[in-house]
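A.B. asks: Dumping what TrEMBL says about this protein:
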TRANSMEM  A:12-37  transmembrane segment
TRANSMEM  A:43-69  transmembrane segment
TRANSMEM  A:81-101  transmembrane segment
TRANSMEM  A:113-131  transmembrane segment
TRANSMEM  A:168-198  transmembrane segment
TRANSMEM  A:210-230  transmembrane segment
TRANSMEM  A:237-257  transmembrane segment
TRANSMEM  A:269-290  transmembrane segment
Amino acid sequence: MQLYLPIADLPVNIFLVLAMGAAVGFVSGMFGIGGGFLMTPLLIFIGITPAVAVASVASHIAASSFSGALSYWRRRAIDPALASVLLCGGVTGTALGVWTFTQLRALGQLDLMIALSYVVLLTTVGSLMFSEGLRALMRTRRGAVPPRRTHNWIHGLPLKMRFKRSKIYLSVIPVVIVGIVIGFIGAIMGIGGGFILVPIMIYLLRVPTSTVIGTSMVLTLVTMLFATLLHAVTNHLVDAVLALILMVGGVTGAQFGARAGQKIRGEQLRLLLGLLILSVGVRFAIELVIRPEDLFTIRELGVSG
Amino acid sequence: MRAALAVLLVLLLGSVARAERLIVSVSNHRVTVTPNYSGEELVLFGSVEKDASTPADRKTYDLVVTVMGPRAEMVTRRKERKFGIWINTDYRQFLEVPSYLALFANRPFDVITSPEIARRQQIGLNNVLLTQRVSGDYADVVPNDAFRSAFIRLRTERGLYREDPSAVTFLTPTLFRTGIPLPAEVPIGTYEVEIKLFANGALVTKTETAFEIVKVGFEQFVATSARQHGLIYGLVTAAMALMTGWMASIVFRKD
C-alpha cells in the first residue's frame, strides 16, 4: 500500500517503512539503544533526504526511549539528579545542534556533514566496541578476571556533587559536557546517542550499570523531544506521518528484540553491536568516495509568490 | 483625454486588424490532487477563428503551447572531488523560474519558425528564460551552460519540465487539442498557459488561459500546518511520540 509522505514529498510503501521500524526496533531492544544510527541511514537509503530523515527520526527515538524510560522508572533504575545535570548540557547541545543544522543546510553542506559525522563517529565507536568485545571474549575464554576499576582524572575535577541513587560522588563539569556533546551530535545526525552515552557513562564517569541505561534514556528522551520541536519550528522538516509509522513499528520490534537480547551473552552482544555500528559507518564512507550518479542537485527554496 | 481615446482607438483597430482569433479552453480549471493521485492529464482544446481579413492562401497553421507552473527560486549545486570525497563546491541560483514547464507543438520547433523568432518568443527549453544570479548579476546564460542544462535535465527526469513537438494535434485544419501531463509530484499553484499561433513561420496571434492545482486531504493538511504553524506542529508531534511510547509500555508491560 502506497502512502504519500507530506514533508518528505515522496510516496513510500507503508509496509516497507513499518518493517524498517520493526527491524530497527528489534535491534534497539536487543542492545538497549535507541537505534537512530540505523534508522536515519535506512531512511536516507530509501530516498528520503538526509535533512527530513534526521528531523523525523528524532521523534521516533523520543517515542521508543519514552516507553523504555517508563519501565526503568518503575524499577527505580533512573537517577533523577544525574539525569537533570545531564539534561542541562543536553538541552544546550540540542539547541546548538539544530542551529548548526540550519546553517549547514543554507550552505548546501548539510548532507555532506551528516555523512562525514556518520563515518567518523560510527567507525570510531564501532571499532572501539568491537575490539573491546573481542578482548572481553578472550578474557572469559582464558578465565582471567576483568581489570579492576580505578579512579581517573575526571574524579579530580571540582564542583563535586553526590548522586544518591547511583551512589557516586562526581564533578558536574564532565556530566554537563557529555550532555552537550550528545545533544549536539544527536540533533545533527538524528541519533539518540545511547550507544555512545552508555559507554562514556560506564567507563569515564563510572556510573553503575544499575542506573546507566535508564538515566541515559531520560537524556535521549528529552533531547529528542526538544530536537523534534526545534526542527519543526526552524526547518519545517519533521514528517509526522513518517514518524508515526516508524514509532509503531519501532516500539513493537523493541519488545521482541529485548527478549532475544536476554538470550545472548553480554560480550557477544557488544561484539555484534560494534560490528553493526562499524558497517553502517563503512557504508557511509563508501558512499562518499565513489563518484555520485549525478553531480548536480536541485533544491527548491520555496515558491515566490 | 484625447490621447487616451487615440490609444483606445489604435488598440481597437489593432484587434480588429488581426486576421485570426484563438479560442481555447482546458478540460478542468481547478485540478484537485488527492493523496492517492498518481498523475493526470489535462486536455487543452481550441480552434482558430478566421475572419474576412484572413488571407485566402493561409490554409495551415502551427501552434506552440507553453504551460508554466508557479515560479520559485531554486539552487543547482555541483559536486566535485576534493580530498578524495565528493563535495558540493559550486552552485547557481535560479530566480523566479517556473516549477513546472511544458512546451508543446504540432511540429518540431525549428520547422515552425526561424531560430531568431524562436529565441524571441521563448520557444523550446533552450530558449526559455531562466534567470540566474551570477555573482551579483542577473542574467540568463548560453543554452549549453553546465548548470542550466543540468537544471533542465534534472527537472525533465522528474517529469516537471518537458518539451514535445508532436503533442498538439490538429483535428481539422482549425481545430486542435493537446494533453498536459501533470505528474504525481506536481507543484500546487496557478498555471499559466500561453498559446501561440504561427503561419508560414511568423507569429500570427496568441492567447492565454490558466488553471489551478490544489492539493486536498490529510497529507496536505499536515504539510500546510508544518509550514505555517511550526510550533504547534512540533508540539503535536512530540505529544504523539510520548503517547506512542506510553501506549507501548502499557501494552507490553511485563508483570
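Glycine is no exception: its Cβ is also placed from the backbone N, Cα and C atoms.
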A.B. asks: Which residues, given as numbers and ranges, are at least 6 beyond the ends of the transmembrane segment (A:113-131) yet have a Cβ under 8 Å from it?
C.D. replies: 37, 40-41, 50, 54, 104, 185, 188-190, 195-196, 199, 270-271, 273-282, 284-285, 287-288
A.B. asks: State, in range form, which of A:12-37, A:43-69, A:81-101, A:168-198, A:237-257 has the highest count of Cβ pairs under 8 Å to the transmembrane segment (A:269-290).
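C.D. replies: Selected stretch: A:12-37, with the most Cβ pairs under 8 Å.
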A.B. asks: I'm a bit unsure how to read this: which one of A:12-37, A:81-101, A:168-198, A:210-230, A:237-257 has the highest number of Cβ pairs shorter than 8 Å with the transmembrane segment (A:43-69)?
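C.D. replies: Per the Cβ under 8 Å count, A:237-257.
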A.B. asks: Determine which residues of the chain contact the transmembrane segment (A:81-101) at the Cβ level, with the cut-off under 8 Å and only residues 6 or more beyond its ends counted.
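C.D. replies: Beyond its ends, the transmembrane segment (A:81-101) has Cβ neighbours at 51, 54, 110, 161, 163-166, 172, 175-188, 207, 211, 215, 218-219, 222-223, 226-227, 230-231, 234-235.
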